[in-house]
Amino acid sequence: MRILVDQNVPLAEEFFADLGEITRMPGREMTREAVRDKDVLIVRSITPVNAELLEGSRVKFVGTCTIGTDHVDLAYLRDKRIAFASAPGSNADSVVDYVLSSLLVLAEEEDFALARRTVGIVGAGNVGNRLWQRLQELGARCLICDPPRADAEGRSDFVDIDTLIEQADIVCLHTPLVRDGDHPTYHLMDAARIETLRPGTVLINAGRGACLDNAALSHRLESRGDLRTVLDVWENEPAIDETLYSLVDIATPHIAGHSLDGKMRGTELIYQALMEHFGLPARRKLGQIKPEPWLHKVVLTAWAPPLEALALCVRACYDVRRDMVGFERYRRRLGMATAFDRYRAEYPVRREFSTLRVDLKKNNAGLRDVIEGFGFKLKLAGK
Ligand SMILES: NC(=O)c1ccc[n+]([C@@H]2O[C@H](COP(=O)([O-])OP(=O)(O)OC[C@H]3O[C@@H](n4cnc5c(N)ncnc54)[C@H](O)[C@@H]3O)[C@@H](O)[C@H]2O)c1
Ligand SMILES: O=C(O)[C@H](O)[C@H](O)COP(=O)(O)O
């Protein structure tokens, strides 16, 4: 069997080598010629998978090691009877880590307490739901907007997006990119909605770039400069708008989900789906292959103020400023589009909060819920 794999998919050799010959290639360089004689195609989000790529090829299985599937023409695959799998939930915790790390940076700069803010979460799927759970541990009030779920589950505790925008101090976008149907998300945050954001609102997009009208946001930031913004996803990646980039507070090149844990989980999910497709037992397990994190534990030896201790753990594990500064360094050297892709390809190792154990004394009970709720492992030691 011949398998073509994006070069940014970790552990492909460990998972797939027994199945056949693996060829690696940058996702943006995958052409019809490159896939023609392959049986299996394993991509990430930057390869458009459609008739143009696959027509006339032998490909019988396509796997994307990502949550998002907007780069895949699913109707075409169905029509051609090409099996397909994605990796739902694989890097959702990494995205939540990214959002929380960003919020802690802004809370520190602006001197606000997250617990006293209203956070609006647009899209309450794997990412949004986990963010909701973790924020509740901090005591933050959350407003949830997810019309497809509201319809399907008959939920009356969800709000519509305009109510959310009106009431939230922090607006987090975690929607997939959907262009049609009852609940499209293309430019869900359009010029009119961007204009109605209250001065001082924090706006975060870690879903897909085109869920937010980038030109309209650029206009609002240039003309009024009264929002705090965190953008991980952009329209026209990797050649993103330089002006918008310069106006955003935390600007990163689509790496919110790029923890090693998230990416490895994505590979494992596609391996499992591929084995199932071919009726083979999935003997390889991520737990047997996964490297140990560099930082295994943080020990808090005495009582500590909960929020300060939490911020310390977050920074020890993943500080979003590392990526902001790293991306800017690459951009100055390579120019925007090359830097965008190169930083992701050479992404420094990052582990999820869940890989860090926090040791607490028993008398530090106030911290217990916050640390656990934020996703860290907890160990209680005697007084
Ligand atoms: N920045 C990154 O690195 C990164 C990483 C992972 C995922 N993503 C993106 O984030 C998206 C969400 O991830 P997920 O794992 O939560 O996906 P998911 O499919 O589990 O959840 C998406 C949620 O959005 C809701 N939704 C759909 N249309 C909506 C609308 N018009 N308004 C409000 N809500 C709507 C859906 O009902 C669903 O509950 C992915 O589709 C992907 O595009 C980005
Ligand atoms: O949809 C996803 O899973 C994420 O957007 C993912 O992190 C994208 O990573 P990429 O494929 O761009 O490396």
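Glycine too: its Cβ is placed from the backbone N, Cα and C atoms.
Summarising the annotation, TrEMBL assigns active site to R208 (among others). Over all protein chains present, the Cβ of R208 (active site) has 26 other Cβ atoms lying within 10 Å.
If you look up TrEMBL, you'll see E237 (among others) marked as active site. Reduced to three states, the DSSP call for E237 (active site) is coil.
Under the heading active site, proton donor, TrEMBL lists H254. Within its own chain, H254 (active site, proton donor) has S45, D232, V233, W234, E237, F340, R344 as residues 6 or more apart in sequence whose C-beta sits under 8 angstroms from its own.
For T66 (substrate binding site), the number of other Cβ atoms no farther than 10 Å from its own Cβ, over all displayed protein chains, is 26. According to TrEMBL, the feature substrate binding site maps to S45, T66.
Non-local neighbourhood of T175 (NAD(+) binding site): V122, G123, T185, L188, G207, R208, C211, each in the same chain, at least six residues away, with C-beta under 8 Å from its C-beta. Look at T175 (NAD(+) binding site): DSSP puts it in coil. Per TrEMBL, NAD(+) binding site is recorded for D146, T175, D232, G257.
Per TrEMBL, the feature domain 'D-isomer specific 2-hydroxyacid dehydrogenase NAD-binding' maps to 113-256.
Regional average pLDDT for the domain 'Erythronate-4-phosphate dehydrogenase dimerisation' (291-363) in the model is 94. According to TrEMBL, the domain 'Erythronate-4-phosphate dehydrogenase dimerisation' annotation covers 291-363.
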What does DSSP say about S45 (substrate binding site): helix, strand or coil?
coil
Residue counts (helix, strand, coil, in that order) that DSSP gives for the domain 'Erythronate-4-phosphate dehydrogenase dimerisation' (291-363):
41 helix, 9 strand, 23 coil
Which residue among the recorded positions S45, D146, D232, E237, G257 has the fewest other Cβ atoms within 10 Å of its Cβ, if you could check?
E237
Taking residues D146, T175, D232, G257, which bind NAD(+) in the record, the widest Cα spacing (Å, whole number):
21
Provide the three-state DSSP residue tally for the domain 'D-isomer specific 2-hydroxyacid dehydrogenase NAD-binding' (113-256): helix first, then strand, then coil.
55 helix, 26 strand, 63 coil
Check the recorded positions T66, T175, E237 for any whose Cβ is under 6 angstroms from an atom of ligand 1, and report them in sequence order.
T175
Which whole-number value in Å describes the distance between the Cα atoms of T66 (substrate binding site) and D146 (NAD(+) binding site)?
21
